Amino acid sequence: MTYCGLKLNLLLVFDVGYMRTLWYVIWVEVLGKFASILVPAVVYRVPLRDAVALSFIMIAQGIVEIAAYHNDFDKQALLQQSLISKKPLAICLQVTNIVFFKSFRFSAPYYVLSNDTLSLLPLPLKAQTIDRDTFTALIESVLGIATMSYVVVRFIHDYSRRYTGYQKRNILHTAYNSDLRVVVCAHRQDDALAAIKLLEISSPATGSPIAVYALNLVELVGRTSPLLINHGLGQKASVIGSRSQQMIDVFHSFEQHQSGFASVQVFTTMSLQKFMHHDICSLPFDKLASLIILPFHRKWNQQGKVVFDSNILRNVNRQVLEMAPCSVAIHVDRWKVHYESSGTRLQFHVGVLFLGGDDDREALAYGKRMAKSLGVHLTVVRLVAVDVTAENHWDTVLDIETLKDIKIQSSTQKNIAYREEKVKDGPESALIANAMEEAFGLIMLQLAAIFLVAQSLHLLLRRFHLPRIVPEILAGIILGPTFLGQIPYFTDTFFPEEGEVFIQSLSKIGFVFFMFLIGVKMDPSIASKTGKKAWTIGVFSVVLPVLFGLGMSSVLDPMVIVYRRPALRSVIGVQTLTPFAVVACLLIDLKIMNSELGRLALASALISDLLSTIVSTLLSIVRLGFAGWTSALLLKSLLFTVAFIVIIVFVMRPALLWIIRQTPEGKPVNGGYIVVIAATVMMLAIVSDNLGLQYQLGPFILGLSVPDGPPLGSTLVERLDSLTTGLLAPLLLAQCGLKVNLWAVYDKSFMFLIWIVFVVSAVLKAVATLIPAYLCNVPNKDAFALSVIMNAQGIVEMSSYLNNFVGQTIDNEIFAVAIMSVLVMAIVSTVLERLIYDYSKLYRGYQKRNIVHLPYNAELRILACAHRQDDAMAALKVLEASNPSKESPVGAYALNLVELLGRASPLLINHDLGQRASYGGTRSQQMIDIFRYYESQHPGSVNVHVFSSISLPRFMHHDVCSLALDKLASMIILPFHKKWNYQGQVVFHSTVIRAVNLQVLDLAPCSVGILIDRRKLRRTSPAPSLYHVAVIFLGGDDDRESLAYAKRMAKSSGVHLTVIRMVALEDSVGGEWEFMLDSESLKELRLQSSQPGNVVYREEKVRDGPDTAMRVHAMVDHGFDLILAGRRHRENLPQLSGITEWIELPELGPIGDILSSADIDKPVSAIVVQQQLVQVLRVRLSGRHATDIQAGNLRKAHRLQT
């Protein structure tokens, strides 16, 4: 440029007219460029001041133009001709060249003009068309325009607003389906963690992602140069573990957690405090961010004390607020005051104080975006002045328009609430703001009050054995308007209406997990195990109440006012329900879930609940069809429902089984799987609700799909049960109680009618259970107990009434009466059931589970218990002699009983689930190998299932009996509590095992055999070709059971059976019933023994008990391998007179006591059998029954008797 100035000579200007024309052309062209930029800028709504500045910037000239002019001036080809001739063509070319350069906007760098750029000029302009006068004028014009542009732009542009734009970069004008760009500033790691918690609730989703630009602000110290580092470039960290690296890790952890929903870029700026705001503002300006989040300059600890206060941060925040190119939020972080000790929150509560204006509308837009997340509850409070009427200006119109959709959403969406507060002045507004900050504290106070009252009532009422539902409902009633609500301002202060949404949300979450856990605790296969009884009772308990309910509704409808009819129908509909969850809860409270009665009640309730769900779904579809819905839409809804259930059963259940296989035996399931299952439960609740089903149905079906017991079922119950049943689910009951106002019942005639409906429905449901139970030969006492159980009411009915109340189908009066009816039914059903049920018969059933009544071609299911490896070997020998074949298979259920030591939890392990062994070579593995070997020796005829029970000895009998009841076993084989060595000396004696045996004999749901093992007394000799079995038969149920087992063994060619019947010399039994049954049982054996074979039958006359004992010892010396005998006999039996008084072991009976005597030194084992204790319907023998007996039709007579 200096070189060009050297060539100027302002004194050598000869053609003044030409120069005037040239200057005219230059300024016309400059003004044209100015106008061509100003007009479109104004059209696009660029502020006028900025549009003028932009025009001056765009017409600025400099080194590029000077270089172009100089390039033409240096060419000497036409210089003389141009100066001398001044032909019109030359002048035209010069003007054209000038116009071109004035209209050309150079894009090359300021200090370079490449030859390539000049080569793009039109061909005529490549020749020299500029003389010295023209060159001088052009250089002067460049000088003038450059000076003018610089001065005008500096004068017009406001440097304090250098980042303030006129493009809308805020949340209010950001579409929800576009990405939200946020710049997060952090001075400390606390700032980053607080910002991330804010970002997590900003509703990141696939259709609405979040782009986070994290800026770590570091104050420059010393002489280090300012620096802006982009950590996304993959450079190596200069200092490992630095604060910047910690920030990077924090934000990248957030990005991984929100995979696919959020992108994160981390920057670090090192600058002086007075320039730090420039770095903050330039980054969002460059990234087109909509929001800058700044940390507040103060920090608090858990006690609420200020522990950090920085004026530097405050100054930075103020400068950013003045210059920011987008919206700015100052985040006042108080997380440590409340949340750090409370753990993970189930729902995040956001409040928006709205007074009107741009900033409030922006805050509301951010709050609405947060409310798109299901985990966020938004409360918008608009503060309206009392004495000022709304003015009809633009700001008010915008406020009303912004709040319009919030008002609509608050009535349709459960996580959005809107209310208006009248305020007089600023202090009153401050009080409302403080109240919103204390909302969380109010929730904690409400929860504390509910649980304190409920637990106090439970401690008071538990001595009366009332269920937990009673004190929880009463707690709500006491805290509600019925009692404490009568105190002025009590309800408005502690339980305001706007705070109901928090308890309501928590109670629904609790109810969802409650239904899921009920499903987990249940085994749906019980419906098939209980047979036709459960199906008959279940179908009757649905059909009769539904039919009667429809009839009752048609009869009562004309008797009530029109607006009362929907409420009446709703009450009748709820009363016809028999919820499975309520029945299950009652049985758990009564501790009879594993009893025969409990299993029948569970199966009946499950069938009834499933049928009622199917019927109600079909009725809903039909009702929608009559309402005008298209058949295609209805079919689509039905298909979606079926697909939903199929996915749970056939996709999610295999996934649950896979989790079990990944869990080592005896170990709990990994916590990560539990979290995934809990999230799946919530997802299924949402899907169920969207499909139009009850929102708890999906979680309940998933719970039924979880294999009950360990490891998965027990771990889920252990992890979730305390929180759910102890904390969340009771909130639903308390919430219902809080809405009950017994003082607001005015329409007494209608309420009386409602009570009649309750009573009639209860009686009808009882009859609907009693009739089929009686037809299925359920004992009268159990049938009545079953009808009481099926009439129970609880949390499901409460939820139904609450939904109807919220939907305004029923009013306050009906709701109060309905809740009181549930409370009464819960108390009555529990009290009656405890009075009726006999807990000493917990596992005793009325289904025949013994060998006598088992068809020969049916599977013989035997539960073999073992404390030691010797017990397993002895039981295996008996099972081998049980004649397993394809026509008569054997189902062996081996139970390894392990005493619980230390503080470990009780455990029942199913070794068939394919779990990984937790450690090798254990005693359980040895047991498994023994029984698996037995199964491999009899392919197709033996099914082996191995379990291990780890529990305290005083509870061990419950594991034995419940497993036998669950697997429908016909016999339990228990090991004797004594063991002998090869010399016949007792080497093992356990009072613990004897106590377990005694308890099993009292409670067993099937027949029981105590195995006395003397195999070790056998000297080493070749294995005998035949297994010699003997039966000592004196008569009675137990002897007939042992005989039936021996007859099954005798079907094998490898077994030789000898039956010896001890007959008294002076016994003259004629037509006694037991004698008839004994004779019928021996009839077949007499025929077989008369023919050559492996069966021998003989009768021996004995005088008394000592004579019988001598005959038994003679049998022992005879060389039998196994002797079977019954435990119990008729009283005053002559064959046992004189020895019953000297029995040492009552659990073995007189014959068994002899077989366990220490005097025996022969290798003969014995099984002492007790037949199943059955509760039967005894009927008096009529003349027709007696005729059957006299005609010899004993089997038919026996069926009639039982």
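The backbone N, Cα and C atoms fix where each Cβ goes, glycine too.
What TrEMBL says about a protein is an automatic prediction, not a curated fact.
Not measured: the values here are computed from a predicted model.
Residues annotated as transmembrane segment in TrEMBL: 22-44 (among others).
Look at TrEMBL and you will find 51-70 (among others) tagged as transmembrane segment.
Note on the domain 'Cation/H(+) antiporter central' (211-334): mean pLDDT across this stretch is 81. TrEMBL lists 211-334 (among others) with the feature domain 'Cation/H(+) antiporter central'.
Counting only same-chain residues 6+ beyond the ends of the domain 'Cation/H(+) antiporter C-terminal' (349-384), those with a CB under 8 A from a CB of the stretch are 170-172, 174, 176, 180, 201-203, 205, 208, 291, 327, 329, 395-396, 398-399, 402-403, 405-406, 409-410, 413, 415-423, 429, 432-433, 436, 439-440, 498, 501-502, 505, 686. Residues or ranges marked as domain 'Cation/H(+) antiporter C-terminal' in TrEMBL: 349-384 (among others).
Under the heading transmembrane segment, TrEMBL lists 439-461 (among others).
For 456-832, the entry in TrEMBL reads domain 'Cation/H+ exchanger transmembrane'.
Marked as transmembrane segment by TrEMBL: 473-490 (among others).
The annotation transmembrane segment is assigned in TrEMBL to 502-522 (among others). Non-local neighbours of the transmembrane segment (502-522) in the same chain are 346-347, 349, 377, 414-415, 439, 443, 446-447, 580-581, 584-585, 588, 602, 606, 678, 681-682, 685, 695-696, 699-706, 708, 713, 716-717, 720-721, 723-725, 727-732, 734-735, 795, 799; each lies 6+ residues outside the stretch with a CB under 8 Å from one of its CB atoms.
The transmembrane segment annotation in TrEMBL covers 534-555 (among others).
For the transmembrane segment (567-588), same-chain residues at least 6 beyond its ends with a Cβ under 8 Å from one of its own Cβ atoms are 467, 469, 514-515, 518, 521-522, 541-542, 545-546, 548-549, 552-553, 556-557, 560, 598, 601-602, 604-606, 608-609, 612, 700, 753-754, 757-758, 761-762, 765, 789-790, 792-797, 800-801, 804, 809-811, 814, 818, 829-830, 833. TrEMBL lists 567-588 (among others) with the feature transmembrane segment.
What TrEMBL records for 600-626 (among others) is transmembrane segment.
Residues annotated as transmembrane segment in TrEMBL: 638-659 (among others). Sequence-distant contacts of the transmembrane segment (638-659), counting only residues of its own chain at least 6 positions beyond either end whose CB sits under 8 Å from a CB of the stretch, comprise 617, 621, 669, 673, 677, 680, 684, 687-688, 691-693, 698, 701-702, 705-707, 712, 913.
The annotation transmembrane segment is assigned in TrEMBL to 671-688 (among others).
Annotated transmembrane segment per TrEMBL: 752-776 (among others), in sequence order. Through the fold, the transmembrane segment (752-776) approaches residues 532-533, 536-537, 539-541, 543-545, 548-549, 552, 556, 559-560, 568, 571-572, 575-576, 578, 604, 782-784, 786-788, 790-791, 814, 817-818, 821, 825 of its own chain, all at least 6 residues removed from its boundaries and within a Cβ separation under 8 Å.
Annotated transmembrane segment per TrEMBL: 814-837 (among others), in sequence order.
The feature domain 'Cation/H(+) antiporter central' is assigned by TrEMBL to 892-1014 (among others).
If one looks beyond the transmembrane segment (473-490) by at least 6 residues along the same chain, the residues whose Cβ comes under 8 Å of a Cβ in the stretch are 449-450, 453-454, 457, 733-744, 798, 819, 822-823, 826. Across the domain 'Cation/H(+) antiporter central' (211-334), DSSP helix (H, G, I), strand (E, B) and coil residues number 46 helix, 40 strand, 38 coil.
Shown for the domain 'Cation/H(+) antiporter C-terminal' (349-384): DSSP residue counts in helix, strand and coil, namely 13 helix, 15 strand, 8 coil.
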